[in-house]
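As recorded in TrEMBL, the features of this protein are as follows:
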REGION    70-92  region 'Disordered'
DOMAIN    105-218  domain 'Creatinase N-terminal'
REGION    385-410  region 'Disordered'
COMPBIAS  398-408  compositional bias 'Polar residues'
DOMAIN    431-648  domain 'Peptidase M24'
DOMAIN    660-719  domain 'Peptidase M24 C-terminal'
Amino acid sequence: MQLLQSPAMRPLYLSYCFSSSRYLATITFSSSSSNLLPRPILPTFRTNHGFNSTPSRSRLSIRNCSSISAKPSSELRRKKGSPDSSESDDTKLRALRQLFSKPAIGIDAYVIPSQDAHQSEFIAECYMRRGFISGFTGSAGTAVVTKDKAALWTDGRYFLQAEKQLNSSWTLMRAGNVGVPTASEWLNDVLAPGAKVAIDPFLFSFDAAEELKDDIAKKNHELVYLYDVNLVDEIWKYSRPDPPNAPIRVHELKYAGVDVASKLSSLRSQLAGAGCSAIVVSMLDEIAWLLNLRGGDVPHSPVMYAYLVVTMDDSKLFVDSSKVTPQVLIHLKNAGVELRPYGSILSEIESLAFKGTELWLDPSSINAAIVNTYKAACEKHLEGLGSEGTGKSKNREVSNGSSGQSWGPSGVYRASPISLAKAVKNASELEGMRNAHLRDAAALAQFWAWLEDVIHEGAKLTEVDVSDKLLEFRKKQDGFIDTSFDTISGSGANGAIIHYTPEPENCSIVDPKKLFLLDSGAQYIDGTTDITRTVHFGEPTAHEKECFTRVLQGHIALDEAVFPGTTVGFVLDAFARSFLWKIGLDYRHGTGHGVGAALNVHEGPQSISFRHGNTTPLQKGMIVSNEPGYYEDHAFGIRIENLLHVKEANTPYRFGGISYLAFEKLTFVPIQNKMVEVSLLSDAEINWLNDYHAQVWEKVSPLVEGSASQWLWDNTRPLVRQ
């Protein structure tokens, strides 16, 4: 599955401060650039962490919205924040605007991002506010509503989808296209100077909020933080989905590889080295990984809504206690982790500041409400020290020794140390990923054998029928938990919608005379999968074959890459594009994202993208996707995706004394030979494809039988020149 790496309002990049979503990951937008996990589509983040708006001390409660099980698409009606059939988008906009003029609010515009309070890519239905207000259900985008206008920004993956889902009250802003303003530029243009633009500070990272504040200040606009109310929630009211309440489970040590005590000890060593005495962790996958826990609060991602505070002496998990099973309670107690109510996180932050605690905060992922609470409490703490000092000696200054700086906590603002630790898989995590991919390959072999048979028999199947059947096959595999994202099942023109999700009421019939793109993945107890294949059930055109073959050549080039251990992902991105470039073609997304081990399908900090803002080098133990593609709007889409493990390369030399790296394949599912224009391939490329198919047969054939075994045999035969 491809994460956001297309151009945005400004060039966007994936800065995975937890990916990487993809990934954020987090996806941010910058005047520099890089790769993948969605953050709000807003301007770039800066490193100036000045404090602005101060939350009142009474605002110390969190608006809580705290089981996900895999369901076929045919059962998921009006999901992902899609419009309520009883309430039109126009009605929602009118109701939202009426709130602008209320005395306690008094604003001119409201910005609605895609994220929850943890900057998650996938979120619980009760947090899908942007989808509810706009009707656009893509995973990335930002809605901005003024008193008389409404606009939505999204990236190239979702242009076609947004065109279909937005009504005439909305203006689609195709982020990254020439002449398209950023959200802040648009606000500066349409609002009279001195306007008030409001946000929910729980839904914006501190960096994103500061960037927006700085940009709109150019026209003397004020950024207003609405701590106590979310305006979309006010109009959503009783139709808002119930909060998730899935039980948390222990992620067994045989899959995790490292116990919680060891992980916490390593984290505390990093805190000490940075001069910190505590860290606030808000990224849900970081919490799950660090504590060896998994949850079911979010579709496709085995995480639970929680915050974690780790000090040098203790750890506190802020979570709905109804989700904590007796087994989990024992697990946490043994690791020295205490439970606290989810909604009490701001009170804890304030308390830590009053104690003089120097907090490590990742400003790209920690929400603005938390950071502002900490900064406000630090200032009050410092004022108290100053008053105390004045009382004792009017000549006494409150200072920090020879540095001359004010004494007291101020926070350390840098990327979360957990992000990289999580991205570099240990031996047990890698073993689980390999095993999960083989079981997944068996399910896919069974599925493709079934699909080809029924299509050739003339069955009329919708894209949703196909997606649901794939889920049936995956559910039969040991350790299956959920899909890792909504299956992208696109026939013909729908395949050109990069993140297309078919819906039962308006999807297409799978046309045997057109290309069919299937991008899918699964969550297993021991690993996470993500795979894309593009096939034709009849005879592809010469143009389709050429495009497919050039995508395949790029896929092969990246798979075979050998590179220095200091290499960042954007250096490798051109390997996958160069064969398309030769005939003037390209694709609007990055080539690879990080993948979690039995965790989020999109993670960071690594990525492979043409955007160069992500400077995280690939490291041994990381997992990335390899997924070049090509898309012709209103015609077809092509993508070929495998997951790769970064391994040490066996090179005869080590220039500069550094190690060299290469990739090991984790995905073993045939690539359709029918789609290949053999005349375009070199002998080495043909050998790669044949060797890959030999490995697929060797590894997967023992796991299937009957028609699936025959299909696997037929589709792994060597490709030869005519």
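Cβ atoms are placed via backbone N, Cα and C, with glycine included.
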Legend entry - Mean of the pLDDT scores, which run from 0 to 100, over the domain 'Creatinase N-terminal' (105-218): 94
Legend entry - Residues in the domain 'Creatinase N-terminal' (105-218) grouped by DSSP into helix, strand and remaining coil: 40 helix, 23 strand, 51 coil
Legend entry - DSSP-assigned states of the domain 'Peptidase M24 C-terminal' (660-719) in counts, ordered helix, strand, coil: 36 helix, 6 strand, 18 coil
